[in-house]
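Only one structure is covered here, and it is reproduced in the block below.
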Amino acid sequence: MFGSATRSDATRVLLLGSGELGKEVAIECQRLGLEVIAVDRYDNAPAMQVAHRSHVIDMLDGDALRKLIELEQPHYVVPEIEAIATDTLVSLEAEGVNIVPTANATKLTMNREGIRRLAAEDLQIPTSPFEFADQYDDFVAAVERVGTPCVVKPIMSSSGKGQSVIKTPADIEASWQYAQEGGRAGTGRVVVEGFIKFDYEITLLTTRAVDGIHFCAPIGHRQEEGDYRESWQPQQMSDEALKAAQDVAEKVVNALGGYGLFGVELFVRGNEVLFNEVSPRPHDTGMVTLISQDLSEFALHVRAFLGLPIQQIIQYGPAASAVILGNGISSNIRFDNLTAALSRPQTQVRLFGKPEINGRRRLGVALTRREDTKQAVSDAINAAADVKVIY
């Protein structure tokens, strides 16, 4: 049973993180009449614009987080980002607060070490070689053991922040400094990942729901500077590789537990699949599902954590998304030339409503459906380029 928003028996959903992914989750909650409370570290974040009310707090401050949750008494707490005081969520869950999908899943995946050790050591799933380091000297030794080229990432970051590639020993010091500057929780521990040869990488959106495990068609994507630029669905795979990917994803999400949608990132080499990362929430590359499926990743997430059945996911055919990327300084962002973008057949645009920009920032996404994925990607890129950002 669900209560109506703003009434005494309202079913309340509290979003921890209010970016573009949280905004779409909020919209899906609104469609079911739920009361939405959006939280972020800055005011007027995208999800706040479609929520019933909002709060600005430092979500890494456990006391502030506990105080807010005790104030709002939500039926569901839905993390949208990694930078949250997860130990507080674990304590609150033990006291009866419903954390989506679970507090442990949020804690394990908030940093790359927890989830990498779960996959490689506990579940014995193949991954790229990796080492962790806290201090610079240990970092240098880790790079030597893993070998170059290698990828360096803060254990907690997103959208490519703090990530770099070490090609030669001359890159080591700069890579360390960049990782220290880019972590979500400040300076500290990093992971060094060895390069592996792979044919392509995918996101396998996997929903753990009351009626079982459900897979979306695999999503291919291209990244630049550690952040996604385009994604497409379906990514063509052999039956053997797809089955292997689904087996890995099912093991991971079952180990994490709870109900919700998970974005499982995998490398594919022939029919072999290697685990990369997982997010216990909608994934940025999954924005293509806003046009490619009858139930978007956001609708799937909400339906799952509410304990509702998924039944069947219908994929409409080749589709793609392309990021509308801003690069400037402004607190009054405007957009022009939407007419050109939306004059393209089977094309949609989402503008996220971010209140300001200081450098490079994802401001929207263009979505297309076509007869094949190559054409869909090309047209999505062109539609995104049509949109002019005015700073």
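The backbone N, Cα and C atoms fix where each Cβ goes, and this holds for glycine too.
Summary of the site annotation: Swiss-Prot records N(1)-(5-phospho-beta-D-ribosyl)glycinamide binding at Glu20, Leu21, Asp284, Lys354, Arg361, Arg362. Screening the candidates Glu72, Glu80, Glu230 against this entry identifies Glu80 as the one listed for that site. Comparing CA positions across the binding-site residues Gly162, Glu193, Phe195, Glu201, the one lying closest to Arg361 (N(1)-(5-phospho-beta-D-ribosyl)glycinamide binding site) turns out to be Gly162.
Annotation for Glu201 (ATP binding site): spatial neighbours Gly220, His221, Glu265, Leu266, Phe267, Val268, Asn276, criterion Cβ-Cβ under 8 Å with sequence separation of six or more.
Taking Glu80, Glu277, Asp284, Lys354, Arg362 as the binding-site residues under consideration, the smallest Cα distance to Arg112 (ATP binding site) is found for Glu277. Distance between Cα atoms for Glu80 (N(1)-(5-phospho-beta-D-ribosyl)glycinamide binding site) and Phe195 (ATP binding site): 29 Å, as a whole number. The binding-site residues Glu80, Glu265, Asp284 differ in how many other CB atoms lie within 10 Å of their CB, and the one with the most is Glu80. For the recorded site, Glu80 (N(1)-(5-phospho-beta-D-ribosyl)glycinamide binding site), the DSSP three-state label reads coil.
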